[in-house]
Structure formats: C-alpha cells, structure tokens
Amino acid sequence: MTRLASGVLITLLVALAGIADGSRDIAGDILKLPSEAYRFFHNGGGGAKVNDDDDSVGTRWAVLLAGSNGFWNYRHQADICHAYQLLRKGGLKDENIIVFMYDDIAFNEENPRPGVIINHPHGDDVYKGVPKDYTGEDVTVEKFFAVVLGNKTALTGGSGKVVDSGPNDHIFIFYSDHGGPGVLGMPTSRYIYADELIDVLKKKHASGNYKSLVFYLEACESGSIFEGLLLEGLNIYATTASNAEESSWGTYCPGEIPGPPPEYSTCLGDLYSIAWMEDSDIHNLRTETLHQQYELVKTRTASYNSYGSHVMQYGDIGLSKNNLFTYLGTNPANDNYTFVDENSLRPASKAVNQRDADLLHFWDKYRKAPEGTPRKAEAQKQFFEAMSHRMHVDHSIKLIGKLLFGIEKGPEILNTVRPAGQPLVDDWGCLKSLVRTFESHCGALSQYGMKHMRSLANICNTGIGKEKMAEASAQACENIPSGPWSSLDKGFSA
C-alpha cells in the first residue's frame with residue numbers, strides 16, 4: 001500500500017473511532033422504570049387519553065421515507081423496509097402505508113443476497129412485499145410533501161397514494177437518511193429544509209385531517225429540524241436520533257460486534273432506528289407508551305454513555321402518554337409480551353458515525369477484494385474520491401469563512417452554535433441562496449457536506465448576502481472538482 005493510502009487509512013480509523021469524552025453523560029439520569037412511567041401516565045398523568053384498545057376510532061396512516069441511494073447507504077432502505085414489515089404485522093393495511101425509497105439496493109450488484117434486504121445480522125428478509133409507491137426519481141421533496149398533505153392533484157408518477165386522512169385519524173411518519181443542521185437528504189434534486197417541512201406540518205394541522213401525528217426522524221443533527229420550529233398545539237410529537245449539533249450513528253457495521261454476515265461490506269441499520277423497531281418487534285404495543293419507548297431508545301442510542309447520540313423529543317410532549325398501538329398497531333403474536341424493563345433493554349450495539357459509514361464500506365470492500373482484481377481497484381478509487389471530496393468541501397468552507405470575516409474571526413463565526421431552543425437561522429431564504437451560491441462555485445455539498453449547513457447559516461445570521469458569498473466562493477474555489485461527489489448533475493441541494 002502506498003504511503004498516501006496508509007495515511008488516509010489512519011485518518012479513517014481515527015474518524016471512525018470518534019472522540020470520546022469521559023465527562024459527558026448522554027443518557028442522563030431521567031430514565032424511569034417502565035412500571036413507574038406506566039402508573040404515572042395511566043393514573044393521573046393528566047390530559048385526554050386516546051382509547052388505544054378501540055380499533056374503530058380513526059385510521060392509522062404511515063409515511064416511510066428513505067432519503068438516500070447507493071449501496072454504501074444500505075441501512076436507510078433497510079430501516080424503512082423493516083418499518084413496513086412491523087406496521088403490516090401491526091395490522092396496518094397497504095392502502096394506508098406510503099413508502100418512499102430509491103429501490104437500488106435489493107438487486108444491486110453489490111448485494112450478496114440478491115432480492116433480499118436485512119436490518120439485523122441474523123434478521124429475516126424485510127424487502128419482500130414492500131410496496132413500490134415512490135421509487136427512483138419519484139423520491140422527491142415535492143412528492144413527499146404532496147403525499148403528507150393528501151394532495152393527489154400535485155402528483156405525477158408513483159402509485160398516487162396519499163395520506164387521505166380524516167379528523168379522527170392518527171399519522172406516523174418515519175424518515176431515515178443523512179442530514180445536517182436544518183436539512184434532510186434526498187436521493188434526487190433538492191433536500192428537505194426544516195422551514196418547509198414545518199410549514200407542511202402546519203398546513204396538515206390547519207386542514208383538520210388528523211387527530212395526532214408522530215414523527216420519528218433518523219439523521220445527523222436531526223434535532224435542528226424541530227428545535228425552535230415545532231411548536232406546541234399542532235398535536236404533533238416528534239423524536240430525533242440526535243440533538244441539533246451531533247451525528248447520528250450506523251450500526252451492525254463491518255468490524256463491529258455484532259456485525260453483518262461476513263459477505264456484507266456495509267452497515268445494516270441505524271442505531272436509533274433499530275432501537276425503536278427492535279423494541280416494537282417484541283412487545284404488545286397496547287401496553288407500551290411513546291414515552292416509555294423514547295426513554296428506552298434514548299438509553300440504547302446513547303450506547304450506555306459511550307459512542308452514541310442524544311435522542312430528543314419535540315412538539316406536544318403530552319402525546320407521549322399514548323400507547324404505541326395508536327400509531328403502529330401491534331403484532332398479535334406479542335400479546336403476552338407486556339413491556340417491562342427486564343425484557344426491554346438489549347445489549348449495547350457498537351456504532352459508526354453516520355458520516356463515516358460510506359468510508360467504512362469502501363475500505364471493507366477494498367480489504368476483502370482479492371489482490372489485482374477490478375473490484376479492489378474500484379474500491380480504492382471510491383475511497384479516495386470520497387476522501388478527496390471531503391477535503392475539498394472542508395477546505396473551501398473554512399477558506400470562505402476567513403475571506404469573509406478574517407483569519408481569527410472566521411472559524412469562530414462558522415462554528416457558533418445558537419442557544420438551545422433557537423432555530424438554526426433567521427432567514428431560511430438566505431440559507432438556501434448561500435447554498436446555491438456555494439455549490440455554483442465549489443460543487444455539490446453532498447451527504448458529507450451537509451455538516452457545514454450551520455456554517456452557512458451563521459454567515460446568513462451575520463447579514464452576509466449572495467453577492468459577498470459569491471465573491472468569496474469564487475476566490476476559494478477556482479473550479480468544481482471532477483469527482484462524482486461534487487457533481488451537480490442532479491441539480492442544487494437547495
């Protein structure tokens with residue numbers, strides 16, 4: 001291996017290890033015993049209680065969205081397929097489940113089990129039977145918003161299914177992909193921005209076409225999508241894989257314990273996602289509340305105070321007293337498996353930073369490929385292309401900060417984090433404009449570059465506009481790199 005390859009490998013290993021801070025406390029000390037929580041919420045916790053035992057009260061609806069493509073992002077579509085199987089076993093009908101996924105994983109040439117997707121090292125196929133509602137180029141922001149709003153006339157392509165809900169219905173939305181401060185990835189064209197998503201949820205509430213809505217969100221910095229934006233009073237309860245400033249984590253990854261079967265070179269799931277689904281898989285969900293699951297997922301996703309993230313909750317927290325059955329149904333096979341602490345907390349899972357999972361895939365693919373084969377050469381090329389793109393984006397953003405604010409003030413302004421409870425940016429239109437300006441001169445941010453959204457938001461918050469940003473970007477980037485990660489073939493991300 002060349003010196004450069006060795007150096008990059010060391011960089012990768014350091015990145016995958018993360019930064020351990022022995023003083024931090026991810027899980028905190030607020031985990032109640034499930035029995036105590038159950039008594040609190042059912043014997044005087046306050047507020048109106050949904051009759052979770054009455055199937056005749058409203059219809060359950062679900063929207064499941066995997067926002068990525070590419071085999072290195074296997075885990076996101078695996079999460080979504082697993083969620084579909086869980087909901088079907090819970091009694092939801094296909095007509096009430098809308099699935100968005102690119103669908104390039106099951107029959108991908110990299111898949112060691114063609115036509116099969118697994119979400120656990122010893123798991124069953126979760127791909128079989130999943131409806132192809134919106135796949136490929138139909139997985140767009142516009143179609144997702146139209147589906148949530150029940151706007152059939154805005155749809156072309158796909159199955160045409162929408163959330164055609166009524167005032168007594170309950171809606172569950174689950175998203176899994178990469179994210180960044182204020183933004184969620186999509187496999188086509190532009191990304192989902194927090195202000196637009198919140199506007200859609202407000203419109204859905206104003207229509208009077210649901211009784212309550214639960215949103216589970218798997219992405220890096222996912223707390224920033226709701227923090228300071230999702231207000232009480234919309235009958236919406238949301239939990240996120242991480243707070244507004246940190247990465248979420250992939251799990252069941254190569255080299256970890258437990259890891260995927262040896263023929264796999266990619267992570268099978270995401271830590272927050274498998275935490276809530278593996279909990280739901282084994283319990284009678286008539287006896288478990290959203291709050292109980294939140295606490296359990298919070299503990300497991302924190303990896304018991306090692307590597308992990310802070311699971312957060314937003315919106316109408318009072319809805320968390322509702323049983324999961326209200327949104328997910330329940331598998332009759334679990335009728336005798338009441339939620340109690342002794343059978344709920346699973347062993348800790350090792351995890352990989354969400355943004356490093358693609359590098360891990362390329363490295364594992366390279367490591368396993370026989371010497372001198374095209375596969376080994378391809379893996380090496382993919383690895384170096386990804387690393388080169390990362391270095392380009394990081395350098396460009398840092399240089400733009402210094403050009404705009406000076407060598408000393410630049411890093412300080414770019415890295416500023418607003419106090420908890422405040423939204424990421426004052427002017428979302430400015431943020432989107434600066435994203436387009438940066439990408440016009442420097443190339444696509446990509447799933448990795450989304451991490452710099454806070455820096456671009458901070459530039460907006462200082463009053464810098466499009467013209468000054470264009471001038472600095474032109475100085476920082478003489479041209480757009482030719483690699484696939486920088487390509488703008490699919491358009492701008494804003």
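Yeah, the Cβs are placed from backbone N, Cα and C, and that goes for glycine too.
Keep in mind that what you see is a predicted model, and the values were worked out from it rather than measured.
Copied from Swiss-Prot, the annotated features are:
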type	residues	note
ACT_SITE	His178	active site
ACT_SITE	Cys220	active site, nucleophile
DISULFID	Cys253-Cys267	disulfide bond
DISULFID	Cys430-Cys460	disulfide bond
DISULFID	Cys442-Cys477	disulfide bond
CARBOHYD	Asn151	N-linked glycosylation site
CARBOHYD	Asn336	N-linked glycosylation site
SIGNAL	1-20	signal peptide
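Sequence features annotated in Swiss-Prot and their locations in the structure.
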residue : record                      : DSSP class
Asn151  : N-linked glycosylation site : coil
His178  : active site                 : coil
Cys220  : active site, nucleophile    : coil
Cys253  : disulfide bond              : coil
Cys267  : disulfide bond              : coil
Asn336  : N-linked glycosylation site : coil
Cys430  : disulfide bond              : helix
Cys442  : disulfide bond              : helix
Cys460  : disulfide bond              : helix
Cys477  : disulfide bond              : coil
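For Cys477 (disulfide bond), the nearest of the recorded positions by C-alpha distance turns out to be His178; the candidates were His178, Cys267, Asn336.
For the recorded positions His178, Asn336, Cys442, Cys460, a Cα to Cα distance of within 10 angstroms from the residue listed as 'active site, nucleophile' holds for His178. Comparing Cβ neighbour counts within 10 Å across the glycosylation sites Asn151, Asn336, the minimum falls on Asn336. There are 28 other CB atoms within 10 A of the CB of the residue listed as 'active site', with all protein chains counted.
The separation of Asn151 (N-linked glycosylation site) from Cys460 (disulfide bond), Cα to Cα, is 33 Å. Across the structure, Cys267 (disulfide bond) and Cys442 (disulfide bond) place their CA atoms 30 angstrom apart. Each of the recorded positions Cys220, Cys253, Cys267, Cys430, Cys442 was scored by the number of other CB atoms within 10 A of its CB, and the lowest score belongs to Cys430.
In this structure the C-alpha atoms belonging to His178 (active site) and Cys253 (disulfide bond) are separated by 16 Å. Note on Cys460 (disulfide bond): other Cβ atoms within 10 Å of its Cβ, all shown chains, come to 22.
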